[in-house]
Amino acid sequence: MSQNDLHYVRTEMALPQPAPLRERGPVAWIRKNLFANPFDSVLTIIGMIIVIMILPPLVDWALVQAQWTGTDRTFCSTVAQGGIQPEGWSGACWAFVNAKFGQFMFGRYPIEERWRVILVAIMFVALLVPLLIPRVPRKGLNAFLFLVVFPIVAAFLLIGGFFGLPHVETPLWGGLLVTLTLSYVGIVVSLPLGILLALGRRSKMPVVKMLSVIFIETVRGVPLITVLFMASVMLPLFLPAGVSFDKFLRALIGVSLFASAYMAEVVRGGLQAIPKGQYEGADSLGLSYWQKTGLIILPQALKLVIPGIVNTFIGLFKDTSLVYIISMFDLLGVVRQNFSDPAWASPQTPASGLVFAALVFWMFCFGMSRYSIYMEHRLDTGHKR
Amino acid sequence: MKYIISGILGAATLGMVATAASAGTLEDVKAKGFLQCGVSTGLAGFSAPNDKGDWQGLDADFCRAVAAAVFGDGTKVKFTPLSAKERFTALQSGEIDLLSRNTTWTINRDTALGLNFVGVTYFDGQGFMINAKKLPGVNSALQLSGAAVCVQTGTTTELNLADYFKANKMEYNPVVFEKLEEVNAAYDAGRCDVYTTDQSGLYGIRLTLGAPDDHVVLPEIISKEPLGPAVRQGDDKWYHIVKWTYFALLTAEELGITQANVEEMKASGNPEVKRVLGTEADTKIGTDLGLGNDWVVNIVKSVGNYGEVFERNVGQGSPLKIARGINALWTKGGLQYAPPIR
């Protein structure tokens, strides 16, 4: 039997055929993703009904009917309400956000000094963005500039009082400036402090261990509102008469310590997840405690708890709004404070202001959350299931 | 060792600051170069930030008047927004020099809390607002039996409401909410027939309703809420300055001295006007207070007289359009009365 007899053997590869029609194209995608089984179909239909009910009125309110420009409440109220809009009008009052935008960003920071805040913001972005992109070299220098040099320069610029820069007291700060300052300081302080506390809690030295446990449990056992309230109302009574201690600084310390206690517990979770063999392996190599912790344990532990750490950061970012109760005005506080301006009181003002605040908070929180997912994928070395 | 040294240094600095601040309030204020004034965190017409972030309102203008009396310049004032809980501590601890924050004058606050109220810059009281379309023909709170009443929980407002309806043997359904915004929304949506809170607040809330003209504020006032500025107890000199600043605002209105005509009035031959404006020969009225003799001129120049302050912030010149009512001068049937400046 010669090879020539093998007529059924193809000499060239068959051309690839397109997938059957029911497996491709938008219809197939919809079938596969939205109507795969009866339960999915019901959920899809319910979801679509909700979207159809909510989306058009929302777009209509926020974009079509919205009032974009104006100088006072008359632009955002109907004729019956003493304004210029036709009867039955309902739209977002972006004119209010527009008029108050400076306050929402800077609070009552003097208008002629606001370039200082903008300069700090530019420095912040210029240092943060390269730090976040893994390809950019010189991470060490960048981190040093961002974590050590930047806060000092920013503090001098924002507070002022030297080189002819007028002094701007912290009670004048507000809006997004306060939100971001509190979050930045809270995040930068709480991560290292939290790691130290977590290590302290697992330490074999009884005093260190006890102090860490007492600190963590005390702070975690008290609501943040209480911490802030104590700092703002009780502390001045303990200090001698006439001595006042900057309220913003008190809030910064309160928020940072509070976040550190939570961070410590997150990090401790990571430390406990590292198998004992890693510790013993490091010991057998003759590494010191700090070498072992810094080179073997922490890199693995921190990687495991990235979601928890970012969760704490996002929580901290949103918790900054609580400074409202000690009469400091973060973004949400300033927005709410401006509802009381009689020149802008209208039925649409509160909703518009709150939607704007929600949008800004969402942008920051969503950004942090996406970046943490990216980082998790990048650092994934087989722990993911 | 390092800690001990820094601790000692820290204690020493604190001590120094404390000694510097222990003189009288007037001297402290003059040394600082500005008046630290506590205001609310935002109440329409009394203290609320405008588009530029400057504090506007009756309470804020009173701070400016005191600053004008002390410095001759109404802009030398720094505002500290305070929540209701913080306000008294802030004054007691010396964080602020003057509390001008729609605070009700009560005996407890005057005695036990160590404050001195200087007078009543706004006579307020709890009132009712109704939807005239839903309740046609109601023109008195005594006709409200059986009504659903929207009220903020945990306030004296809620207690006053219960007292009033009980005293008049009427039934009512309280619809309570935690936050002011929630009460507003519920009332606007028609969940209750009546809204009750301080009358000055009702006018502000009316502006945020869908159809303000359908809503009527009833004439009855069921509680006394005399709102006024307060200072720390134990510094009579400062107390007198703040008190007489308030009286000067009233006296200026009584004598027809306004922001616009104060310079012309200085040339007036009327002995009373001359005494008030400090143009009388050998006058000691201002210097006895510890101020300059032109203190009233400065006050009126910077904020106007009481009537002007009222109309600009809460009256016809503002979106709130509150009538003078009992806040008119005693000569016009109101309660605002000042002892003679002589």
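Backbone N, Cα and C atoms are what each Cβ position is placed from, and that goes for glycine too.
What TrEMBL records for A:41-59 (among others) is transmembrane segment. Proximity of distant same-chain residues to the transmembrane segment (A:41-59), defined by a Cβ-Cβ separation under 8 Å and at least 6 residues beyond the stretch ends, is recorded for 34-35.
Look at TrEMBL and you will find A:115-133 (among others) tagged as transmembrane segment.
Here TrEMBL flags A:145-166 (among others) as transmembrane segment.
The transmembrane segment annotation in TrEMBL covers A:172-200 (among others).
Marked as domain 'ABC transmembrane type-1' by TrEMBL: A:176-367.
What TrEMBL records for A:221-242 (among others) is transmembrane segment. Long-range contacts of the transmembrane segment (A:221-242) within the same chain, counting only residues at least 6 positions beyond its ends with a Cβ under 8 Å from a Cβ of the stretch, are 250-251, 253-255, 257-258, 319, 322-323, 325-327.
Here TrEMBL flags A:322-339 (among others) as transmembrane segment.
Positions annotated as transmembrane segment by TrEMBL: A:351-369 (among others). Listed as Cβ neighbours of the transmembrane segment (A:351-369) (distance under 8 Å, sequence separation of 6 or more from its ends, same chain) are residues 62, 76, 92-94, 96-97, 100, 104, 176, 310, 313-314, 317-318, 331-332, 335-336, 338-339.
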Chain residues in Cβ proximity to the transmembrane segment (A:322-339) (below 8 Å; excluding those fewer than six residues from its ends, i.e. six or more beyond): 96, 100, 103-104, 107, 171, 174-176, 178-179, 182, 224-225, 228-229, 231-233, 247-248, 251, 255, 345, 349-350, 353-354, 356-357, 360-361
